[in-house]
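Taken from TrEMBL as is:
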{"type": "BINDING", "residues": "268, 273, 291, 352", "note": "Mn(2+) 2 binding site"}
{"type": "BINDING", "residues": "273, 350, 352", "note": "Mn(2+) 1 binding site"}
{"type": "ACT_SITE", "residues": "280", "note": "active site"}
{"type": "DOMAIN", "residues": "348-355", "note": "domain 'Cytosol aminopeptidase'"}
{"type": "ACT_SITE", "residues": "354", "note": "active site"}
Ligand code: BES
Ligand code: MN
Ligand code: ZN
């Protein structure tokens, strides 16, 4: 879809549809008021008759409003004016887009970007609207033989801003919102792809295809043979039970001088996690195709970054692997020597993500990174702790943790910090190796974070557990595209482009 901003008055718009807000109880917003005057009280009459209360999300589509140049006017209920918050704003936008998409308006001028949302400026409102519009229209129908498409889909959306002075802000919001949306799109497409198609090789092919589209993006892989030479035995062990070879894919984005240390994003890319010999129960096991949600979000963030052409160096590491039970599979009781030299006793082959990640975290030391952030659907315990609303953030570097929390606040892609205090480390003790791959049931997400922290001493490091946020279960099952907005915001904030004026 195409987006733009302008600053004009509602009665002068000549569009298929113009979108204005109505507050509860039956109160016209400022712009709606302007339309009302031009139409000689047409809108206020409707409200008086009780056609629209103004409750958040209510929609009333009007045709041929007297003296109005636009073909349609969409009145959108915005709830009580004082109570309009971020969440409600996003919900209202999403509903508006759906209504427009299904009622034949192929273009619209939207005045909802002028609503007052507590503590948020025009940049935020336009950017959130772009992201909500794009996300709301997402469908995954590549694998359906009959695709249902709306007959006259919305193609062009113009956001109105209150003053001409705010136009550049609005334009930047669109640019950023589109980049994030593009990243979320690839993230969702890759994560939704079934595990018989989306293998570690498929992830590599996606990364390679992306690199083909941008001059300053290049691609390489670490194949199993090289992993063996490097001693990445934990990574290799996890993939041993699968017919699909493990592949670590690397995307190198160069936006700054060679000697600027890169930020590295590491994504857990388990294209299927059956649990291995510690096999999972069969209920909902299909959802373990999303166990590459971290990898998908790294691909998404790299896509957004390449779109934005930010002046930083970033490496995306996609740790592709499949965890299956088999005669060759690794077992509980095995002791593995990781690339770092530290040994790990496997207590449960279903705690595989940390094994793939620990070797990847050691591997990326060679890039002398300034910062490494790993993103992983690592523990079911994170869903127990935080549900599906916030990603679990863990870090051994306070400033980095705060940067990520800020980015999460700005982007609306929430994260919440969990502690990595030394006291939690003891649970990983093993009688047979330097550590076990599991620390018991208590504080399962922190246990996994503690495990990873032992492989990240050479750089500033943070870990995002996205088990709860990367996908939705139930009727609307599918990948969410998170935490692409958070990661992209973090990268934006590392450059001047992210500084608000
Ligand atoms: N991929 C899972 C974590 C997961 C579970 C993500 C549910 C999303 C939804 C991970 O590999 C796993 O199996 N973790 C185990 C760890 C346990 C064996 C210590 C878990 O969470 O049960
Ligand atoms: Mn597992
Ligand atoms: Zn897993």
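From the backbone N, Cα and C atoms, a Cβ is placed for every residue, glycine too.
No curator has checked TrEMBL annotations; they are predicted automatically.
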If you count Cβ atoms within 10 Å of each one, which of the active-site residues 280, 354 comes out on top?
354
Using the Cβ centroid of 268, 273, 291, 352 as the reference point for the Mn(2+) 2 site, which residues of the same chain not in that list have Cβ within 8 Å?
238, 269, 270, 288, 292, 321, 323, 353, 356, 376, 377, 378
CA pair residue 268 (Mn(2+) 2 binding site) / residue 354 (active site), Å rounded to integer, equals 9
Just give the helix, strand and coil counts over the domain 'Cytosol aminopeptidase' (348-355), going by DSSP.
3 helix, 0 strand, 5 coil
Same chain, |i - j| six or more, Cβ under 8 Å of residue 350 (Mn(2+) 1 binding site); the result in sequence order is 273, 275, 276, 278, 279, 280, 323
Around ligand 2, within a Cβ distance of under 6 Å, which of the recorded positions 268, 280, 291, 354 show up?
none
Averaged across the domain 'Cytosol aminopeptidase' (348-355), what pLDDT does the model get? Just tell me the whole number, please.
98
Which binding-site residues out of 273, 291, 350 lie by ligand 3, going by a Cβ under 6 Å?
273, 291
Just the number: how many Å between the Cα atoms of residue 354 (active site) and residue 291 (Mn(2+) 2 binding site)?
12
Return the members of 268, 280, 350, 354 (the recorded positions) with CB less than 6 angstroms from at least one atom of ligand 1, or none.
350
Should residue 280 (active site) be counted as helix, strand, or coil on the basis of DSSP?
coil
Could you tally the C-beta atoms, other than its own, that fall within 10 angstroms of the C-beta of residue 291 (Mn(2+) 2 binding site)?
28
Cβ within 8 Å of the Mn(2+) 1 site's Cβ centroid: which residues qualify beyond 273, 350, 352?
238, 270, 274, 275, 276, 278, 280, 288, 291, 323, 349, 351, 353
Tally every other Cβ atom lying within 10 Å of the Cβ atom of residue 268 (Mn(2+) 2 binding site).
32
Count, for each of the binding-site residues 273, 352, the other C-beta atoms lying within 10 angstroms of its own C-beta, and report the residue with the smallest count.
273
